[in-house]
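See structure below.
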Amino acid sequence: MISFVQLVVQIREIFQQKLIDVDEVMKLMASYKSNANEWRRFAIFDMNKYTRNLVDVGNGKYNLMILCWGPGMASSVHDHTDAHCFVKILDGELTETKYAWPRKRHVPLDISENKTYGMNGVSYMNDELGLHRMENLSHSNGAVSLHLYIPPYSTCNAFDERTGKKTQCTVTFYSKYGKKVDYRGSKNGN
């Protein structure tokens, strides 16, 4: 069994290679058994929205972050702007709903898969598989998830589930390395 620090180090080692094996990354993410004492300092909640908390920038090759989900919180339906997305549940449960890419304008998105992941569950998503939304369906418990994005990205597209309408969004970090970010006066949110 590996620690959270060892997981971060081993992810960094994988990304020193020229070719990245998705299955190897999935196995590594699955090999870590969540221990809140190891990652708690990065898990910063906000009662009004889910938060993206940066853990490691991986020499510009990836972003590793912890997302914190209050009861009932959800992401928008979104793409990953050609990035690979690995998710590991560190605490609680998250439901992932996958959607097919919109084929027509002003038509509801088609759900292709709906799956709930409990603690230590691992998921993978990329744009070839479609769009997705992550949500904490619990009305009383929070959830925490570890996300690895390869390559890192600063924008994505959000989609209206009812119409398929696409809107470009800038993604920001609520905290970096365990410290809340103050964006007052910042134009890019990074």
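In case you wondered, yes, glycine gets a Cβ from its N, Cα and C as well.
From a predicted model like this one, the values you see are computed outputs, not experimental measurements.
Of the residues proposed, H106, H132, the one Swiss-Prot records at the same Fe cation site as H78, H80 is H132. Considering other CB atoms within 10 Å as the measure, the emptiest surroundings among the binding-site residues H80, H132 are those of H80.
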